[in-house]
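Undergrad: Structure incoming, see below.
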Amino acid sequence: MSAPSGNVFMVVAPSGAGKSSLVRALLAQDPSIMLSISCTTRAPRPGEQDGREYRFVSKEDFLAQREAGMMLEWAEVHGNYYGTPRDRIDEAIAAGRDVLLEIDWQGARQVRQRYPQAIGVFILPPSIEELESRLKARGQDSEQVISRRLLAAGGEIAHAPECEYVIINQEFSVALSELLQIISAARLRFSSQALRNADLFAQLGIPASH
């Protein structure tokens, strides 16, 4: 069986660092990247659609998939289960598509067990003060929830060294440009080029590995 030729990108960040906005902008510029859609047992929020933000499943279905080994990673948060199905990811990278996971550091660790070559990108805020300002500006959370998110952010940021790349999201356009550069650089690595252009490399007499 041939080796998978698609890249697996993991975008990791504390809440409020701008991860979701950067991912949306990235996918708008490069629709060839497949965003992995997580499963969850929680109820849909107003405006959410099944298969867009999440795949909404019952607790029984989720646990059955987990026990069958169908989840790439999973976690229980506030009594609800969240997880990443592995079938579509395996199919996508085998077909040469790049896959992006918007994930937390715990999930990233689990993903690396399956895909050791996964590329981690950690998004940092320019300061804790700015992170707090962004969380308040979203208008989605109470002061108590914001305080909890800020307390959690310190622990999450401590895992930044586990990623290959770090982007400081001070100016959105610059951060997006840097994220696009990381995607491009990964695609230009020898291993990626050799897999995507196997026939050309063979014609030119270039060994498939070095």
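Cβ coordinates come from backbone N, Cα and C, glycine included.
Below, the features straight out of TrEMBL:
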DOMAIN    6-184  domain 'Guanylate kinase-like'
BINDING   A13, P14, S15, G16, A17, G18, K19, S20  ATP binding site
Undergrad: Applying the rule Cβ within 8 Å of the centroid of the Cβ atoms of A13, P14, S15, G16, A17, G18, K19, S20, what extra residues of the same chain belong around the ATP site?
TA: I123, P125, N169
Undergrad: Could you tell me which three-state DSSP class K19 (ATP binding site) falls into?
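TA: Note: K19 (ATP binding site) is helical by DSSP.
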Undergrad: Restricting to the same chain and to sequence separations of six or more, state which residues have a Cβ under 8 Å from that of S20 (ATP binding site).
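TA: The list for S20 (ATP binding site) reads E102, given in order along the sequence.
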Undergrad: Going by DSSP, give the three-state secondary structure for A13 (ATP binding site).
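TA: Coil, per DSSP.
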Undergrad: I need the least crowded one of these binding-site residues (P14, G16, G18), counting other C-beta atoms within 10 angstroms of each C-beta.
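TA: Ranked by other Cβ atoms within 10 Å, the binding-site residues P14, G16, G18 bottom out at G18.
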Undergrad: Please report the number of other Cβ atoms within 10 Å of the Cβ of S15 (ATP binding site).
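TA: Taking every protein chain into account, the count is 21.
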Undergrad: Give the number of CB atoms, excluding that of A13 (ATP binding site) itself, located within 10 Å of its CB.
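TA: By my count, 28.
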Undergrad: List the same-chain residues at least 6 positions away in sequence whose Cβ sits under 8 Å from the Cβ of A17 (ATP binding site), in sequence order, or say none.
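TA: In sequence order, I123, L124, P125, L131, R134, N169 meet the Cβ cut-off.
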Undergrad: State the count of C-beta atoms found within 10 angstroms of the C-beta of K19 (ATP binding site), not counting that atom itself.
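TA: There are 21 such Cβ atoms around K19 (ATP binding site).
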